[in-house]
Every structure is written in C-alpha cells, then in structure tokens.
Amino acid sequence: MRPLNVQIRLGNLRHNYRILKEMHGGKLLAVVKADAYGHGAVRCAFALADLADGFAVATIDEGIRLRESGITHPIVLLEGVFEASEYEAVEQYSLWPAVGNQWQLEALLIRHWKKTVKVWLKMDSGMHRTGFFPHDYASAYAALKQSEYVDSIVKFSHFSCADEPESGMTEIQMEAFDLGTEGLEGEESLANSAAILNVPEARRDWGRAGLALYGISPFGGGDDRLKPVMRLSTRIFGERVLQPHSPIGYGATFYTSKSTRVGLIACGYADGYPRRAPSNSPVAVDGKLTRVIGRVSMDMMTIELDASQEGLGHEVELWGDTVNINTVAEAAGTIPYELMCNIKRAKFTYIE
C-alpha cells in the first residue's frame, strides 16, 4: 500500500479550541467549512461536540452533512444561500443563515417560514466581498427586525488584514462596523483567528476560529500556544547515490554539487503537495530536517539524505510537528489553507 498518511490529532484540536475560547471569551464558533480545512468536518465536529458553542460552514451541503451525522449545535451558514429555494433547507435543518446582499434579504423576508430563524447580518466594513455597506446596514437590520419570522440578529463582519497587524485595516474596519451598527441591539461577531490572537477590541459576543483551530498561526511561523492537528507523512521507497553534476527530475532544475545520497518519497502534486515547491523546501526524515531537491513530480519527489539519515522504508514528515506547514507554504508561494485543503490519495488516521 502506498505509504502516504495523514494523521489528525483530535486531542490537539480540542486543546486549540480551549485556548482560543479562553482568549476570546464569550462564545466561539469552530469553522469547519471545506471539510474542516481538509481535516474531516464530521470527525472534527464530533471531537469538539462537548466544547464548541457552534460550528460554521460555507455551504448548505456542508451544514446538512453535519446535521445528518448527528450534530445538534448551532450551525452558521457563512455565505448564506445561493438561491432562494435553499431557505427551505435552512429551515428544515435549523441553520443560521448569513445575509450579505439585497436579494438574500428580500428572499428571506418574502418567504413564509414555519418557525423563526436566527440571522447573521453581514456588513462590508472594508473587505468588499459580501455584506451591506455601513450606510445601508441599518435599513437592512430594520427590515429583518420587523419580520415576524426573524428570531434574532447577529451583526457581523470579516477582516481583510487581521493577519497583518501593521496594515491599519483592522482598526479602520472596526471603526466602520461600530459606526454602522451604532444603536442596533443584538450580538456581534468580528474576530477571526488572527483577531482572536492579536486584537482584543475585536473580541465581541461570538468569535470564529478557523486556521488557528487547526494549530496554525495566521501570522506565519509557529505559535507555542497552538498544536498542529494535521501531520502529513510518507516513506522512502528508493535511494541511490548520485555523482557530482547530476541533474534531478523534470526540467533538470537541480544539479548535485558533490556526491549526493538521495531518497525517493511517495508524494507528489497529484496528492496535493505543491508542484511549485522549490528545491530546499523542508522535510524531515525520522525527525531530522533535510530538503526537497529537484522538481516535484506527479507521484513522487526526491529528497537529500546525509550520511547519518536512515533511508529505505523510513518515515518522512512533509508537515506537522518538525516541519511547519507555514514554512512549506511560504516556500511554495501559497498559504497553508491551500495545502491542507488539497490533500488527496492519502490514508487518514484519527488519533484521539
């Protein structure tokens, strides 16, 4: 069997939730959209079932999957519905929909609901994706408030640069949000992972923990308070010694400078490892750091082995405990979200 493995450490997930909940105060949503960032939404949700105040997903299907698996917690639909008919499933599965534009608002208001619904009303405080502009927000709020079908309203927005503390954008967005919601009663939600960790003023009634929930710092590098949940590993299935000036891999992008011992490992871009990861991207053999050399192939890649490192059959960590996923992402010119969400053809093992 091909030895590409993903370990999901559910104990680390629970640890991270507790840390983030303590930092934020109030209530905390565990964001499990995109199959919990590649970790497995149902397994992660059940691991957090006795801790989490609620969960957040992106699509109706993600919410339904949690409900049908037995999750009874509040589930926020962060993008709302994509067509008016989806409000039927919102009601059937007791989801809390976000409303971030005029047609979503109107479709909700004209529908005859059999039971009341809790709405998350989104403001565009400066990111300019979805949400009502600050000057339109009060009127959208008032329309919902007047509806007999709306149980309560959570006012929320999303930060564009909370992971860039020196940008000043988070302060600008908080000011816009506070001005646009002035005098409007109800709960609020502003803090994503970066704001939970670094912006106390953004910690309102509800936090939304995404990346940090999975043990990854949104600021790059590591964070000693968090424990990585995902560990991706494989094994060396071939090794050889190459002479000086030997090219390696497609495109001959790397030449050995001396006699070099190399290992072939079972992971490539078809498995989700980024093809654009350059030579020198870190991996670890039995806990000792080394590097990728040559171009990443579809099903395999080459790593350098020194004289002290074990070879054939030994484990190689691609990211997890020794290799920080942020380092891999930075080398490949991408972000850890993309790496985790792209994993395929691997065996998943869940460790309590």
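Cβ from N, Cα, C; glycine included.
According to Swiss-Prot, the protein carries these features:
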type     : residues       : note
ACT_SITE : Lys33          : active site, proton acceptor
MOD_RES  : Lys33          : N6-(pyridoxal phosphate)lysine
BINDING  : Arg129, Met298 : substrate binding site
ACT_SITE : Tyr250         : active site, proton acceptor
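Feature map: annotations from Swiss-Prot on the structure.
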residue: Lys33; record: active site, proton acceptor; CB count, 10 Å: 20
residue: Arg129; record: substrate binding site; CB count, 10 Å: 10
residue: Tyr250; record: active site, proton acceptor; CB count, 10 Å: 12
residue: Met298; record: substrate binding site; CB count, 10 Å: 11
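Counting in whole angstrom, Lys33 (active site, proton acceptor) lies 18 from Arg129 (substrate binding site) by their C-alpha atoms. Each residue contributes its Cα atom, and for Met298 (substrate binding site) and Tyr250 (active site, proton acceptor) those atoms are 10 Å apart. Between Tyr250 (active site, proton acceptor) and Arg129 (substrate binding site), the C-alpha separation comes to 40 Å.
A coil conformation is recorded for Arg129 (substrate binding site) in the three-state DSSP classification, outside any helix or strand. According to its DSSP assignment, Tyr250 (active site, proton acceptor) is helical.
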